[in-house]
Amino acid sequence: MTEPRHIRNFSIVAHIDHGKSTLADRLIQMTGTVSDRDMKEQLLDAMDIERERGITIKANTVRLEYKARDGETYVLNLIDTPGHVDFAYEVSRSMRAVEGSLLVVDASQGVEAQTLANVYQAIDADHEIVPVLNKVDLPAAEPARVREQIEDVIGIDASEAVEISAKTGVGVPEVLEAIVTRLPAPAGDRDAPLKAMLVDSYYDAYLGVVVLTRVMDGVVKKGDRIRMMKTGGLYQIDRLGVFRPAMVDAKDLGPGEIGFLTASIKQVRDTAVGDTITHEKRQCDKALPGFKPSVPVVFCGLFPVDSAEFEDLRDAIEKLQLNDASFSAEMETSAALGFGFRCGFLGLLHLEVIRDRLEREYNIDLITTAPSVIYQVHLRDGEMIELHNPADMPDPATVERIEEPRIKATILVPDEYLGDVLKLCQDRRGVQLDLTYAGSRAMVVYDLPLNEVVFDFYDRLKSVTRGYASFDYQMIGYQEDQLVKMSILVNDEPVDALSTMVHRARAEARGRAMCEKLKQLIPQHMFKIPIQAAIGGRIIARETISALRKDVTAKCYGGDVTRKKKLLEKQKAGKKKMRQFGKVDIPQEAFISALKMDG
Amino acid sequence: MGAEPIEGGFGLYVHWPFCAAKCPYCDFNSHVRAAVDQRRWTRALLAEMSWHAARTPGRRLDSIFFGGGTPSLMDPATVAAVIDAASGHWNLADAAEITLEANPTSVEAGRFAGYARAGVNRLSLGVQALNDPDLNALGRLHSATEARAAFDMARTIFPRISFDLIYARQGQSLAAWEAELDAALGMAADHLSLYQLTIEAGTRFGELHARGRLRGLPDDDLAADMYALTQQRCAAAGLAGYEVSNHARPGAEGRHNLVYWRYGEYVGIGPGAHGRYVRDGQRLASATALHPETWLAATETRGEGLSADDPIPPAEQAEEYLMMALRLAEGASLARHRRLGGAPLSALGDLQAEGLLSRDADRIAVTDRGRPVLNAVLRALLA
Ligand SMILES: Nc1nc2c(ncn2[C@@H]2O[C@H](COP(=O)(O)OP(=O)(O)OP(=O)(O)O)[C@@H](O)[C@H]2O)c(=O)[nH]1
Ligand SMILES: C[S@@+](CC[C@H](N)C(=O)[O-])C[C@H]1O[C@@H](n2cnc3c(N)ncnc32)[C@H](O)[C@@H]1O
Ligand code: SF4
Ligand SMILES: [Mg+2]
């Protein structure tokens with residue numbers, strides 16, 4: 001157990017890609033926590049998907065031991081956090097477990113949308129903030145300008161910001177000193193009853209559920225019987241220790257310490273993040289305030305391409321949920337796609353990550369249906385239903401009004417692209433709330449329907465600004481609008497998985513675009529296939545895929561049957577990636593691609 | 001020795017991989033060489049033939065086909081040596097069909113008589129088009145006049161002649177093809193091979209097409225109309241389509257190609273030649289090295305230039321049988337399909353109901369509606 005005055009706890013926060021994980025690498029290395037031989041880039045990004053995409057998805061904790069210039073040895077607990085907006089929840093939760101934040105800002109990029117969002121969260125959490133200007137090794141780095149920007153835009157003192165290169169290690173020793181001298185030591189009473197925060201939990205194939213915890217008061221030891229104050233669960237601690245970053249057993253954990261424990265907990269669901277852990281016998285009197293739960297905001301259907309794989313999909317989802325409690329899944333049946341799951345995610349990247357993992361780790365080909373948000377449908381009889389799936393839309397005659405979720409979006413963009421960004425937001429039914437300048441960059445704040453954002457807004461934003469804009473959002477509540485359900489009929493039959501909610505004024509354009517897209521996506525068949533968009537019984541757009549009239553190999557290659565066979569095999573493999581609906585084969589990617597808007 | 005007839009027939013395919021120039025649409029195994037040592041090639045072809053002959057003893061040989069490339073660049077002596085060797089190895093059937101593919105330039109026409117003396121009794125002429133601008137666009141070395149002269153000459157020399165045309169060419173209208181087809185039918189051959197131009201990856205046309213630089217190709221609708229017109233016109237002239245792209249007076253069908261389509265057996269020699277024959281109860285699929293010099297070197301050292309020689313699993317034999325036999329108007333036998341190892345065809349009923357396939361007791365065949373979309377029918381049938 002370490003004395004609190006020799007402990008410093010902090011999170012590393014930044015906009016995506018500003019170098020959090022690389023800074024964590026250097027801190028780990030310079031404190032000798034991991035030998036040079038075992039070191040690799042972004043050491044903490046251990047998941048395949050994290051390494052492939054070069055981003056952090058899951059927050060990670062490491063305990064470092066640092067001999068400071070004052071001659072004393074300190075325990076530093078760092079939490080590396082993800083930068084992407086979808087995982088903002090991970091960041092806010094991590095911040096609750098520590099007293100300070102290193103705010104990393106890429107000195108060649110400057111302040112971005114998530115820089116701002118993170119600062120506000122850190123201030124909310126009463127954090128001491130140490131600004132760190134990273135990537136000063138880059139020729140494009142302008143630390144002086146970025147310092148000014150931090151003061152102007154964020155309004156915090158940047159005179160003592162540390163200039164570093166996380167890549168080369170320059171300046172990192174100063175970061176270590178700043179952690180010790182500028183961040184507060186944790187408070188806490190070791191003689192008080194145990195009060196520890198359940199920060200996170202995950203499932204480990206060998207250990208079962210592992211709980212990440214921060215002790216506020218008291219001491220916890222192996223063998224202790226503990227109580228979860230919110231869920232009421234009682235457990236006996238099997239194992240307890242710290243992350244270096246591998247799990248290392250410890251005798252006990254005292255106030256200010258961060259570590260893990262296992263206690264024969266069966267499912268991640270049996271734990272509630274933000275819960276307070278105390279002793280069974282000697283309980284603390286007041287629980288910690290807890291976290292606001294994370295709520296899925298984007299929903300889509302996941303169906304196996306091969307309907308025989310439904311049970312495999314169910315298993316895979318259950319296993320993955322053990323590790324990621326932030327995505328939800330409920331069984332769903334679709335006339336078009338059969339059995340599957342309606343899943344909820346924190347955002348589109350989260351959706352992609354989960355889908356990727358299901359496909360790769362469990363080897364299931366999936367059809368993903370159009371993402372949707374939760375609509376609040378108010379019926380004439382006074383009832384309100386939450387609509388997760390446009391296919392479930394009740395008869396419009398019974399509906400009084402529909403409300404949709406709206407967000408406050410903050411976009412930072414260089415001046416020259418401002419016009420394009422305003423147009424994009426306007427096209428997506430946005431209402432401008434604010435427009436200010438910070439040097440040559442504009443900061444625009446828009447009130448936008450979430451529905452218009454979840455799908456391809458971020459891609460469009462990146463493309464119209466050539467990647468120079470950054471974006472962050474928060475939910476702000478529900479608002480009524482003229483929303484209707486648009487159905488798509490393929491060969492005169494409605495395909496429920498292609499239904500979407502659209503704004504009445506934009507329905508026709510949307511319907512036309514979808515029919516045109518589907519015409520490209522669905523291969524020709526032996527018969528002609530009408531594709532129609534409809535609102536209620538009214539057809540608002542129509543396209544026709546003409547019948548296949550010619551598909552035959554003309555020549556004969558002197559008895560070379562193999563060549564023909566290969567062609568046929570290729571075609572058959574292509575057909576496997578399709579789902580039959582009525583008499584029509586629809587390729588799996590059509591369900592998402594049909595919605596992508598090019599303009 | 002008793003001659004043993006083989007189900008579907010038994011043939012010998014000889015591949016001659018050389019051409020005077022490479023046509024921009026062609027993806028056959030053809031190569032341009034300044035000079036070819038014909039004696040050396042003759043020895044190698046004979047060596048590979050005897051290698052296969054040792055594995056297929058005592059059979060009746062129903063046909064020989066010299067394909068290419070351009071076999072009309074072979075010395076008549078080379079052709080003679082191959083035919084003589086073949087009749088030594090197998091029992092050449094009395095009515096054996098011996099076909100040679102010829103390009104209709106005047107130079108080549110000069111060798112026709114020599115081929116006939118060597119034993120060739122059927123000539124297949126690569127006429128391709130009946131007007132000069134189109135022949136030019138196809139990169140052909142002959143003119144329309146030359147082609148007609150070669151054809152007229154061939155008639156006086158060979159008992160049976162066929163010629164090839166490529167249609168659905170750049171800028172070709174339905175009316176233009178109709179006129180050209182009528183002219184072709186007027187030449188009174190008893191066999192015609194009429195191929196729609198296929199744009200193949202890896203050819204010059206393929207490259208142009210990928211870059212959007214090959215203009216005036218007919219769209220699928222026009223191509224389908226051209227195909228339908230071709231079927232009608234030929235049938236009306238007494239040359240019914242007996243295969244997807246082949247038309248003949250009854251009895252004048254190409255017997256060698258029928259061996260492929262009836263899933264008979266054949267030995268293939270020369271670079272890039274394929275074979276299918278049964279040995280020790282196993283049906284084997286053989287293929288040889290594509291590159292001429294690679295094949296030659298291999299054959300000179302090992303006696304064969306094989307790149308593959310593998311047993312075909314029964315289910316695949318059944319699949320291959322359908323793929324080939326359904327190209328024919330006579331269609332396929334369900335009993336044979338089953339005997340080869342085929343599983344029941346579950347899509348049969350649907351395809352019949354859709355009017356794409358017809359069934360008469362044991363035989364199934366694509367209908368006039370099904371033939372132009374045969375690949376789609378096969379996809380459904382073999383899914
Ligand atoms: N030149 C230079 N590149 C750096 C420096 N620090 C980080 N990078 C690079 O910046 C990219 C992003 O670095 P990460 O450490 O993964 O960034 P991150 O903030 O953890 O990213 P997320 O976790 O996805 O939000 C990587 O390619 C790093 O190599 C630096 O000091 N100089
Ligand atoms: C083995 S090839 C060539 C024989 C001979 N060398 C010739 O060119 O006349 C047989 C026939 O296939 C046809 N053919 C070749 N390539 C083709 C293509 N890309 N599309 C359609 N038909 C083709 C031609 O009609 C050709 O006569
Ligand atoms: S079409 Fe005939 S002549 Fe032209 S390259 Fe091909 S094989 Fe040779
Ligand atoms: Mg990271």
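Each residue, glycine too, has its Cβ placed from N, Cα and C.
Note that the coordinates shown come from a computational prediction; the quantities given were computed from them, not determined experimentally.
Pulled from TrEMBL:
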| type | residues | note |
| --- | --- | --- |
| DOMAIN | A:5-187 | domain 'Tr-type G' |
| BINDING | A:ASP17, A:HIS18, A:GLY19, A:LYS20, A:SER21, A:THR22, A:ASN134, A:LYS135, A:VAL136, A:ASP137 | GTP binding site |
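Annotation for A:GLY19 (GTP binding site): spatial neighbours A:VAL104, A:ASP106, A:ASN134, A:LYS135, A:ALA166, A:LYS167, criterion Cβ-Cβ under 8 Å with sequence separation of six or more. Within 10 Å of the C-beta of A:ASN134 (GTP binding site) there are 31 other C-beta atoms, taking all protein chains into account.
Most Cβ neighbours within 10 Å among the binding-site residues A:ASP17, A:VAL136: this distinction goes to A:VAL136. The C-beta environment of A:SER21 (GTP binding site), restricted to residues of the same chain at least 6 apart in sequence and closer than 8 Å, consists of A:GLN42, A:LEU43, A:LEU44, A:ASP45, A:THR56, A:ASP80. Mean pLDDT of the predicted structure over the domain 'Tr-type G' (A:5-187): 93.
Within the set of binding-site residues A:ASP17, A:SER21, A:ASN134, A:VAL136, A:SER21 have a CB atom less than 6 Å from some atom of ligand 4. Between the two most distant C-alpha atoms of the annotated GTP binders (A:ASP17, A:HIS18, A:GLY19, A:LYS20, A:SER21, A:THR22, A:ASN134, A:LYS135, A:VAL136, A:ASP137) there are 17 Å.
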